[in-house]
Structure formats: C-alpha cells, structure tokens
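Engineer: Take this structure first; my questions come after.
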Amino acid sequence: MKSHHQSHSSTSSKAHDSASCSQSQGGFSQPQGTPSQLHELSQYQGSSSSSTGTVPSSSQSSHSSSGTLSSLETVSTQELCSIPEDQEPEEPGPAPWARLWALQDGFSNLDCVNDNYWFGRDKSCEYCFDGPLLRRTDKYRTYSKKHFRIFREMGPKNCYIVYIEDHSGNGTFVNTELIGKGKRCPLSNNSEIALSLCRNKVFVFFDLTVDDQSVYPKELRDEYIMSKTLGSGACGEVKMAFERKTCQKVAIKIISKRRFALGSSREADTAPSVETEIEILKKLNHPCIIKIKDVFDAEDYYIVLELMEGGELFDRVVGNKRLKEATCKLYFYQMLVAVQYLHENGIIHRDLKPENVLLSSQEEDCLIKITDFGQSKILGETSLMRTLCGTPTYLAPEVLVSNGTAGYSRAVDCWSLGVILFICLSGYPPFSEHKTQVSLKDQITSGKYNFIPEVWTDVSEEALDLVKKLLVVDPKARLTTEEALNHPWLQDEYMKKKFQDLLVQEKNSVTLPVAPAQTSSQKRPLELEVEGMPSTKRLSVCGAVL
C-alpha cells in the first residue's frame, strides 16, 4: 500500500510515493490526504469524528507545499533533459511496514520504516511532540518526554512481531486498555492508541503486513490478537496470536471446514470427526507433545496451540547441514519418550518427520515437541490399522508393500524415527527419489538405504547401531520405542540430566524410563497419568495440528 502525502518541510519539487512524515527524514507533515488516503482511512470504523480536520479535502490536497504544481502550470512545453549515462537513477526507499494515522490536529501521520520509534516531548524521540499547534492544546503537558515506543522484533518463521511499550506517567492506552508503565503489549492492525486518557485517541495503527482482524470470529478476537502466518497445510493455516489477558504467544491453527469437507464423501461426518480428534488430543498431557489450549468452532475451526519459537527440526538440520551427535541424542531421546507415551495410550502418529518435530527455542539445547496429528489413528481392538497415509520418504516398508490394504501397527512410527535419526546424524535422507536407478518404494521395501561412509566417520558405532536396528524391514524384528530407549547409545546420564533441567525451566516434569537391570526386553511403562484417555475407539481425520 502506498502513501501519497507530502511533507510541509520539503523543499523538493519532486513528488514522493511514500510518506515523508517520518522524523528520521527530518520533520513531520500535517497530513495532506489524497483521495486514495481518504478512502483508506474511511475503512477504519469509528474514527471519523475524532479525525475531523486532520485530513484535508481533496481540493486542499491538490496544492503542493513547495509550489510545484503552480510552477508547472507556467512552464512552457519543451523537451525534457535526458539523464546522463553515468548518473545512476535514484533507488526507491524501503517500503513501510506499518502506518500510524493521526486522529487529532497537531499530530502527523507516520510511515514506519525503521524497527524502533520513540514518541514523546523529548527532542531525542523519533516522533517528537513539538509542533506549535500541539503545544497549544490543553493535553500537551500531560504527555511525557518519552511517552511510548513502537518497535518490532523477529519472531518465528522470520516473521516480525510489533509491540507498543508504555513509558509515560499518565498512561498509554490501546483500544481503551491501559498498558501500564514499563509494560508492553502486541500491537495489532486497526488498534487505537490513546494518550494520558483512554478517550484521548491520537493514532490508529495499520499493520501493512497482515490481514484485517475483522475476518476472525468475535469470540476469538475477544481473547486473542491474530498476528503473522506461520505456515499452511492441506486443510488450513497456522497463525501466531497473542492472548489478550497475558500477552502470551500462541499458535492458532485454522481448519477450513469447506476444504476439509471436500475431501470427505460424507460432509455430515466431517465436523464430528474433527471434534472427536480434538477432544482426544486435548487429553494428551506430555511435555514433548504439543498441547491444545483452546478450540473455537465457528465458520472454520480455530485450534489454539502452544507456540514453539525454535521452528521445525527440519530447518534446524538444513541450517546446520547436520547436527552434533550430542544434540541428536538429546532431541531423539525426547522423540522416543513422546512416541512411547502415544503408543501406550493407543495412538499411532503415522506421519513422523523432521517437519513435525518442533523446537522450543533457538538454543541448541532445547525441548522438542511432536506435532501434526493429522494422520494419527486410535488403535482398535486388533491393534492394526489400514489405509495409506504419511510422507513417502518416511513410510515404513509394510505400508508401501500393502498399499494400505493390509493391517500394520505402531512399528511404523519406529521406522519413521529411524529415518529421522539417520537424517539428523548425517544431514541427508536414507531414501531418496533422486536415486533414479532404484525407485523410492524399492529402496524402502528392500531396506537399502544410501550409506556414505565418509559422512559417517565421526558418528559413533552405537549411534549407527541404533539407526540400523530401527531401519529393519521386518516390523517384528524392528526395535520398539521401549527397546530403543534401552539401547546403549541412550544410556547417557549427562544427556538425561540436561533434559530434566530443560523440563524444570519449562515448569514441566516427566518420569524418565529406566533401563532394566537384566534384559532389554522387559517392558517398563512411562509413568504419566492421562485421565479419560480412550484406547479402543477408531478415528480417521485430516489432522488437527499442522
């Protein structure tokens, strides 16, 4: 979106596409509203009375403060001088990421280009309250030298988060709510900013990078401020949001009922199946599994999830080419503990892959959480499932051999875990469609993974042994999660203590599996309590978590 108003302080005869009212450019302008600006401002509801006199009429805006238009009217027609060949054309400035519309006389519009802006009476502020018209108002003395600041920080998925921070004595208000001195809150599109008094509305904030909040259900908007898009999938998208009461960041998955229903032969069955899966997943309680916080059933489904700011394991591996073995061990141990918990509660994930493993922070040592239960199945009485689903590269041989027609069990998740561990340790996949001489299906069903000796020279024999015992074609001979947790590579007390310390930091706790004293075939259940977890109900649904 472009801005067309010009600065009163400008002496140039050139018109500018973007606003020149930024103080970083030296001085502010009173808004010289063009018809497009007036239309843009008219989209904001409820500001017409408070903005009276702020934006001039279209007739007023037809004159330039520098006299450019009147000069052009008197210049005789002549050929324009050509630009010398050695002269570089001027490069356009950076596009604004937000715009503040002034609602009162004495205040000016601001296009935000920089990442940080201070507002106040102090001349060091990027937006200084020093205009003569503003000084004559009765509220001028109620404004602090440094009243508030607006800034943005990089969040997950390289998306910026915009905040407003109160530093005033008399208060800064967003949508009539006091922020509080020294406190911050996220600033969403169309927010009203008032100074000193909640009714003294001075600005409307327009985030030029996000959609309008009004497209979301009112009950959702009452509790959450929607922000940037984090990702998208076949059935919807995931957005970052903020809980209004606490300013806590969350992720909200939006499942399109229409798109979801199109994939079902019986649309009437769609809503009950999604709701059933949501209810089951809400009962899962494990520090290494994404937790559903809330659900809104409106025109679409809105599922509120905890936000993992470290991004996907896939991106972490790609960014580092490969992971250190110690880091792999910490992450993989958590994956095993989480999947073991799922299996003991009668759930098979069926789509485990690095994209579905999320990291709690950008730190190398961090918690992981399993997500995307879109392909998950609740085991029935036979403990076998059918249907072909999941990502081909990570599918177990028994799934591909049967084309989804024969039954298969929780061993499919253990195969996928083996593929993930292989990728983390080596930085490349064991099976790939790029091997043109052998099809992906044949590679997997024969168990012939791509082993590059020079890549594995610095990987321990114990780690490689665990990979080999997970990537076994026969599901009956493949290690279970229990057996994998008892593997010598994972008998690392230092790693386990690090995991426990991370849990303490996150205010979580879990009883770790203990290796049996005699044999590795003994079963020791993970001591986690889940109330009301169904264990015999079948469910087929397209996923509640991206």
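Backbone N, Cα and C atoms are what each Cβ position is placed from, and that goes for glycine too.
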Engineer: Which of these ranges is annotated region 'T-loop/activation segment' in Swiss-Prot: 129-155, 372-398, 480-506?
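Structural biologist: Among 129-155, 372-398, 480-506, the range Swiss-Prot annotates as region 'T-loop/activation segment' is 372-398.
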Engineer: Give the three-state DSSP assignment (helix, strand or coil) for Asp372 (ATP binding site).
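Structural biologist: In the DSSP reduction, Asp372 (ATP binding site) maps to coil.
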Engineer: Give the mean pLDDT for the region 'T-loop/activation segment' (372-398) on the 0 to 100 scale.
Structural biologist: 59
Engineer: For Glu306 (ATP binding site), which residues in the same chain are close in space, meaning a Cβ under 8 Å from its Cβ, but six or more apart along the sequence?
Structural biologist: Val250, Ala251, Ile290, Lys291, Lys293, Lys369
Engineer: Rounded to the nearest Å, what's the C-alpha distance separating Glu312 (ATP binding site) and Asp351 (active site, proton acceptor)? Just drop the number here, would you?
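Structural biologist: Pair distance, Cα basis, whole Å: 14 Å.
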